[in-house]
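Visitor: Once you've had a glance at the structure underneath, I'll fire off some questions.
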């Protein structure tokens, strides 16, 4: 089955197209969208086994030879990210059913979620820089629709800003691709990785590398370019927020990882040191925001920015420990952010507000919710048996081995601030004097709680069974450190 | 020729940045239009402006005479994408004007208390 790696893109695309025909039939919409996510998940699991057994998979569309046609490439990194994205989308669909509201469900909500999955999976799998742009636009277009869906006033206001920022960054992406094409004359990523080291004048390539950092930094919310994220992510409802927080910034992070390990390696002393410094500044900016707000959604939103900084700091070290740590942390962070948004969403619904100061005493009425939240918060901060620990340990180790040892100290110190910001939600919402709450129906409570618990359970397994998952992470890191494996798989013979 | 085009594109980018920094929403959208024009012309220019024949296979034209077809295909893709995004943006601006009653970006700030 040579086309196996296209299935995670084609299955949601097909089902989303089918769903467009009967928007008013909600039960059918729910069943088919859940079935689509399950089918995608199964195909990704097969793909994972295939990549683990046979190494990097590559398909050239239309049987045109590699540099001339579009190549889709699935290495261990992209298949792991596609797997996490699909798991999260599946749980977001389940979580949406009780929370998103009938009106939204009737107006193409589930097709938009599936189209977002198409864009994300495509961006993780593509092997062509312009095709990456197209998949970015697919996922951005779906995200524009989801962020404004429902048309409340804050949504309208924030989606204008979100759209404007992304239009600008897309235009810059096109300009950066144009420059890269004029220097190298190719768009295929593997071919770029061959051609770029042959170019002796590295000045222009360094400029293009920084331009790509700006473009993907807009998507990934790195330090000076994160200004749009807190407002934009605060506007949409919780399931959409979980989807965005878990997937969208991580696509930008993946694009930075891919470009900075595969082809922009000609001037590491400048580009990767710049990346490391920006990553540290991103962590600090995120910490300031996470501590400053008394709003449960804003606190977790700023934790997205912190995690982006931690992952990019690991990548900037360009040694084995740093990169493997960053990949582990990337997978962990996608899952834990979705789980935290789910839990915080339940808390916000129960209190009828997201303001921490108006909360209190939930431990007496919802003890299980409290303990699950506590486990998720410890996982976020990286307490040893949980999933945040192995990734951060390797990132810190990579930092001490590299030239930016002071960055590792910042990563360690800010872990305390992350823990503080997450525990503050626990202290305010679950301890203290009980306040008046909106009692939640048993049925819809369990519909919201079960997806969250399963996601937290997956992160616990990921942390406790880290030894089981390390071979996969090793395989992904090996391809990033030796681009020749990737190049040989694409330009074979 | 490439030099002249570079200056034109630079001017388009400058005008786009100026318009996007203004207060009125419609001027911002005009700015994004100019920005995508600049980006599309940039692809065309960076692909090289050599070649006298359009990239359609014809008798008696040697390979070196054709214009580079790849940038043209890229532009075509980028144009339809920016069409779609611009039309979405215009409708969004219209809805926002109806709901919020203003097109001034300064008045669209909003705080935690004032949604």
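From the backbone N, Cα and C atoms, a Cβ is placed for every residue, glycine too.
Source: prediction; values computed, not measured.
Reproduced below are the annotations present in TrEMBL:
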- A:128-416: domain 'NADH:quinone oxidoreductase/Mrp antiporter transmembrane' (DOMAIN)
- A:6-22: transmembrane segment (TRANSMEM)
- A:31-49: transmembrane segment (TRANSMEM)
- A:69-95: transmembrane segment (TRANSMEM)
- A:107-124: transmembrane segment (TRANSMEM)
- A:130-150: transmembrane segment (TRANSMEM)
- A:162-183: transmembrane segment (TRANSMEM)
- A:203-228: transmembrane segment (TRANSMEM)
- A:274-293: transmembrane segment (TRANSMEM)
- A:300-318: transmembrane segment (TRANSMEM)
- A:338-356: transmembrane segment (TRANSMEM)
- A:406-431: transmembrane segment (TRANSMEM)
- A:452-473: transmembrane segment (TRANSMEM)
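Describe each of these features in terms of where it is and what it packs against.
Guide: Within the chain, the transmembrane segment (A:6-22) has long-range Cβ neighbours (under 8 A, six or more residues past its boundaries) at 28-29, 32-33, 35-37, 39-40, 43-44, 47, 59, 72, 82, 86, 89, 108, 110-111, 114-115, 117-118, 121-122, 125.
Only residues 6 or more beyond the boundaries of the transmembrane segment (A:31-49), in the same chain, are considered here, and those with a CB under 8 A from a CB of the stretch are 4-5, 7-8, 11-12, 14-16, 18-19, 57, 74, 79-80, 82-83, 86-87, 89-90, 93-94, 110-111, 113-114, 117, 121, 472.
If one looks beyond the transmembrane segment (A:69-95) by at least 6 residues along the same chain, the residues whose Cβ comes under 8 Å of a Cβ in the stretch are 5-6, 8, 12, 30, 33-34, 37-38, 40-41, 44-45, 47-48, 51-52, 56-63, 110, 113-114, 116-117, 120-121, 124-128, 131, 188-190, 238-239, 242-243, 246-247, 250, 254, 257, 327, 330-331, 334-335, 338, 342, 345, 447-448, 450-452, 454-455, 458, 472-473, 475-476, 479-480, 485-486, 489-490.
When Cβ-Cβ distances below 8 Å are used as the criterion, the transmembrane segment (A:107-124) is approached by residues 8-9, 12-13, 15-17, 19-20, 23, 29-30, 32-33, 36-37, 40, 78, 81-82, 85-86, 89, 92-93, 96, 100, 131-132, 135-143, 145-146, 149, 243, 247-248, 251, 254-255 of the same chain, each at least six residues removed from its ends.
Taking Cβ pairs closer than 8 Å, the transmembrane segment (A:162-183) reaches residues 129-130, 133, 136-137, 140, 143-144, 147, 192, 199, 204-205, 207-208, 211-212, 214-215, 218-219, 228, 232 in its own chain, all 6 or more past its ends.
Tertiary proximity for the transmembrane segment (A:203-228) is limited to same-chain residues at least six positions away from its ends with a CB under 8 Å from its CB atoms, namely 136, 161-162, 165-166, 168-169, 172-173, 175-176, 179-180, 183, 196, 248-253, 255-256, 259-260, 264, 266-267, 270-271, 274-275, 278-279, 281-282, 285-286, 304-305, 308-309, 312.
Long-range neighbours of the transmembrane segment (A:338-356) within the same chain, counting only residues 6 or more positions beyond its ends whose Cβ lies under 8 Å from a Cβ of the stretch, are 88, 91-92, 95, 99, 238-239, 241-243, 245-246, 294-298, 300, 303, 362, 366, 369, 372-373, 376-377, 380, 422, 424-425, 428-429, 435, 437-438, 440, 445, 448-449, 451-452, 455-456, 459.
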Visitor: Six or more residues beyond either end and a Cβ under 8 Å away: which residues meet both conditions relative to the transmembrane segment (A:300-318)?
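Guide: Distant contacts of the transmembrane segment (A:300-318): 220-223, 226, 229-230, 233-234, 241, 245, 249, 252-253, 256-257, 260-261, 265, 268, 272-273, 275-276, 278-287, 289-290, 293, 325-326, 329-330, 333, 337, 340-341, 344, 380, 391-392, 394-395, 398-399, 401-402, 404, 407, 411, 414, 418, 421-422, 481.
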Visitor: At a C-beta cut-off of under 8 Å, are there same-chain residues at least 6 beyond the transmembrane segment (A:130-150) that contact it? List them, or none.
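Guide: For the transmembrane segment (A:130-150), the sequence-distant neighbours (Cβ-Cβ under 8 Å, at least 6 residues beyond its ends) are 70, 101, 103-104, 107-109, 112-113, 115-116, 118-120, 122-123, 156, 158-159, 162-163, 166, 170, 173-174, 177, 187, 219, 232, 235-237, 240, 243-244, 247-248, 251, 255.
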